[in-house]
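Database features, via TrEMBL:
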BINDING   A:ARG58, A:THR59, A:ARG108, A:HIS136, A:GLN139, A:GLY264, A:PRO265  carbamoyl phosphate binding site
BINDING   A:LYS86, A:ARG169, A:ARG223  L-aspartate binding site
DOMAIN    A:6-148  domain 'Aspartate/ornithine carbamoyltransferase carbamoyl-P binding'
DOMAIN    A:157-302  domain 'Aspartate/ornithine carbamoyltransferase Asp/Orn-binding'
Amino acid sequence: MSFRHRHLLGIEPLHPTEITTILDLADRYADLNRSALKRANALEGLTQINMFFEASTRTQASFEIAGKRLGADVMNMAMQASSIKKGETLIDTAMTLNAMHPDLLVVRHPSSGAVNLLADKVNCAVLNAGDGRHEHPTQALLDALTIRREKGRLHRLTIAICGDIAHSRVARSNLILLGKMENRVRLVGPPTLMPSQIDQFGVEVFDDMRAGLEGADVVMMLRLQRERMDGGFIPSEREYYHRFGLDAEKLSYAKDDAIVMHPGPMNRGVEIDGTLADDINRSVIQEQVEMGVAVRMAAMDLLARNLRAARTDKGVMA
Amino acid sequence: MTTTFTNARLIDPETGAETRGSLTVRDGVIAGRDLAPEGEVIDCAGKCLAPGIVDIGVKIGEPGERHKESFRTAGAAAAAGGVTTMVTRPDTTPAIDTPETLQFVTRRARELTPVRIHTMAALTKGRAGHEMVEIGFLMDAGAVAFTDCDRVIADTKVFSRALTYARSLGALVIAHPQEPGLSNGAAVTSGKFATLRGLPAVSPMAERMGLERDLALVEMTGARYHADNLSAAVSLGPLERAKAAGLDVTAGINIHHLTLNELDVGDYRTFFKLKPPLRSEDDRLAMVEAVASGLIDIISSMHTPQDEETKRLPFEEAASGAVALETLLPAAMRLVHAGAVDLPTLWRALSTNPARRFGLPGGSLADGAPADLVLFDPDAPFVLNRFKLRSKSKNTPFDEARMEGKVLGTWVGGERVFGP
């Protein structure tokens with residue numbers, strides 16, 4: 001078993017065996033989470049601070065539960081982006097927190113790279129809970145775990161990621177992870193919502209949803225932000241739903257046993273048909289949420305082990 | 001006062017020749033070559049002696065941002081960098097857009113800097129792009145060119161009138177071409193790297209669009225125009241055509257776009273955040289070739305001091321620009337060491353061409369030219385430590401970089417302003 005990182009800032013620096021290490025451990029935590037006594041002590045005595053500079057309910061709750069189940073002292077700091085006028089307060093806040101000796105810092109920030117910047121300045125392990133359009137590593141890991149459990153493997157699958165790729169950190173982390181694990185990744189969406197030179201990432205790009213879903217094992221939908229719908233990137237919500245919204249008809253082009261995923265929160269009737277999202281035979285959206293807790297437990301456990309090892313090396317009491 | 005530089009490798013950008021010999025300076029001007037030594041004798045030990053650098057895009061934080069750079073610190077940095085003439089930018093706070101502010105700056109500059117200093121003025125009031133400045137009065141007060149710097153005058157009518165008026169006075173207008181709509185909010189160049197880092201990006205095509213618009217206006221108005229801060233290979237075609245058509249057009253680039261590319265940003269390193277953003281390696285190579293061929297006339301530092309506070313931010317929010325007065329020469333030596341240009345060609349772009357385009361003395365080793373000189377060792381290696389820079393701001397992308405090329409001495413009008 002190997003995982004040699006001080007922080008979890010993105011999928012990009014991870015080796016495929018490290019991804020497998022996280023997922024294997026997460027599988028065990030998934031079992032624990034289904035048992036009656038949901039308690040382990042991997043983070044006993046450690047302090048975990050969740051710093052969210054961007055509103056989040058689901059991810060923050062998931063990290064909080066994950067930390068508590070592993071015995072950490074968890075503190076949530078709601079740092080609304082509006083109260084942080086200048087980035088220097090980002091550094092200042094980090095330095096202030098650092099002085100309180102946290103062990104795990106979970107950070108979400110609206111600017112790409114902000115979590116990397118912060119990780120440079122603190123002595124603890126930092127987990128990226130989403131930075132701008134850059135990465136959202138635990139989301140990609142929980143998606144990977146869900147796929148692996150549903151499909152029995154995480155390689156040689158055809159996976160279609162659909163929607164607003166350009167503004168999505170979920171899409172970035174996912175396409176990097178799925179590519180590293182040797183899957184066939186397709187990106188489906190209007191060209192205005194595709195990042196530049198995305199074809200250089202070893203993916204296939206489609207602007208026709210039916211062609212993109214043809215024979216897919218996994219259909220991964222992304223959330224379309226409301227502010228993108230006003231004619232700047234796409235003409236209208238209804239035209240988007242008509243061309244790129246997932247419904248039973250479009251899904252019929254995928255494999256019969258294809259699963260439907262969504263990172264949430266969903267815009268029913270915009271990117272996904274409401275009935276389809278609730279169809280327990282196709283949709284694994286609830287399982288994604290469940291795996292989110294397990295994956296975050298695994299990631300924090302592994303980072304805490306490295307943290308304790310580094311401190312022992314330095315002669316500090318772990 | 002007389003000084004003789006003996007045993008020098010003389011870099012003459014005007015003739016394109018590199019020769020061994022001596023150079024005599026009398027009363028602040030070059031008296032001749034290989035004369036009998038007289039006065040103070042400086043043994044150059046075979047190192048390079050060239051006309052001092054004429055740097056045309058220097059930002060100094062006066063007025064408004066003296067905590068970032070003052071005339072005193074910029075002057076010291078220039079002297080240490082072999083820059084004997086600085087042409088300063090008007091993108092200060094407030095902008096230099098009246099004869100009064102220009103006079104204030106000129107007075108401060110003359111008192112505090114050991115090198116020659118000339119000032120550019122804004123082309124529109126407050127660099128707001130609406131009303132032209134008093135071009136005539138500003139020229140009388142000493143403005144050597146007019147530019148709104150990185151702010152594009154989006155209103156074509158305003159810009160065409162300013163160009164027309166400037167033409168009647170023979171004023172030089174400088175622009176940093178860019179299509180402002182397309183480049184709005186961009187932090188890096190679009191492409192694989194931008195996508196990987198999730199940063200807002202702009203296509204290099206935005207620069208070509210801005211340049212083509214400007215060139216059409218120059219053709220229409222007949223103004224003297226310098227397209228500065230070019231960075232994209234797609235801009236070179238229109239530039240070449242404009243020059244071939246005989247328009248009064250020159251072009252410039254800053255040293256960073258000749259020596260760095262977009263990948264240098266790496267893990268969101270904000271010292272590499274520039275405006276326009278760093279480009280691809282293909283662009284960089286095309287620009288180096290354009291310097292070698294003379295299509296691009298002038299290399300400048302585009303010295304832009306920023307303090308730690310404005311750089312220690314998430315990449316998108318961080319300020320753009322880099323200091324370069326002291327690193328211009330060693331960075332430019334990378335082009336020579338890579339075999340892309342020879343020293344006389346490089347010095348044409350660093351010294352002769354800017355002096356001629358701005359109508360300034362300097363850039364020459366001919367008899368009677370002012371004795372603005374730099375003595376340097378082109379091969380001396382060192383590792384740059386940004387905290388040793390003389391600039392008040394330390395935002396260089398070359399921190400901890402291995403560089404070659406050290407300034408040994410700098411003379412302005414025959415007077416030593418830097419060196420042992």
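Numbers run from 1 along the shown chain.
Backbone N, Cα and C define each Cβ position, glycine as well.
Because the structure is a prediction, the values reported are computed rather than measured.
Feature map: annotations from TrEMBL on the structure.
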residue	record	contacts (Cβ under 8 Å, 6+ apart)
A:ARG58	carbamoyl phosphate binding site	A:GLY264, A:PRO265, A:VAL289, A:GLY292
A:THR59	carbamoyl phosphate binding site	A:PHE52, A:ARG108, A:ALA129, A:GLY130, A:THR138, A:GLN139, A:GLY292
A:HIS136	carbamoyl phosphate binding site	A:ASN128, A:ALA129, A:GLY130, A:ARG169, A:VAL170, A:ARG172, A:SER173
A:ARG223	L-aspartate binding site	A:GLY163, A:ASP164, A:SER168, A:HIS262, A:PRO263, A:GLY264, A:PRO265, A:MET266, A:ASN267, A:GLU271
Near chain B - the binding-site residues A:ARG58, A:ARG108, A:HIS136, A:GLN139, A:ARG223, A:GLY264, filtered by Cβ distance under 8 Å: none
DSSP three-state assignment (helix, strand or coil) for A:ARG58 (carbamoyl phosphate binding site): helix
Assigned conformation of A:GLN139 (carbamoyl phosphate binding site) - DSSP reduced to three states: helix
Secondary structure tally of the domain 'Aspartate/ornithine carbamoyltransferase carbamoyl-P binding' (A:6-148) (DSSP, helix then strand then coil): 63 helix, 27 strand, 53 coil
Fewest other Cβ within 10 angstroms of its own Cβ, chosen from the binding-site residues A:GLY264, A:PRO265: A:PRO265
Site with most surrounding Cβ atoms, counting all protein chains shown within 10 Å, from the binding-site residues A:ARG108, A:ARG169: A:ARG108
Any further residue of that chain within 8 Å (Cβ to the Cβ centroid of A:ARG58, A:THR59, A:ARG108, A:HIS136, A:GLN139, A:GLY264, A:PRO265) of the recorded carbamoyl phosphate site: A:SER56, A:SER62, A:ALA129, A:GLY130, A:VAL170, A:PRO263
Surrounding CB atoms that lie within 10 Å of the CB of A:GLN139 (carbamoyl phosphate binding site), all protein chains: 26
A:ARG169 (L-aspartate binding site): secondary structure state under DSSP, collapsed to three categories: helix
Farthest-apart CA atoms of A:ARG58, A:THR59, A:ARG108, A:HIS136, A:GLN139, A:GLY264, A:PRO265, residues recorded for carbamoyl phosphate, distance in Å: 16
Counts of helix, strand and coil residues, the domain 'Aspartate/ornithine carbamoyltransferase Asp/Orn-binding' (A:157-302), according to DSSP: 62 helix, 24 strand, 60 coil
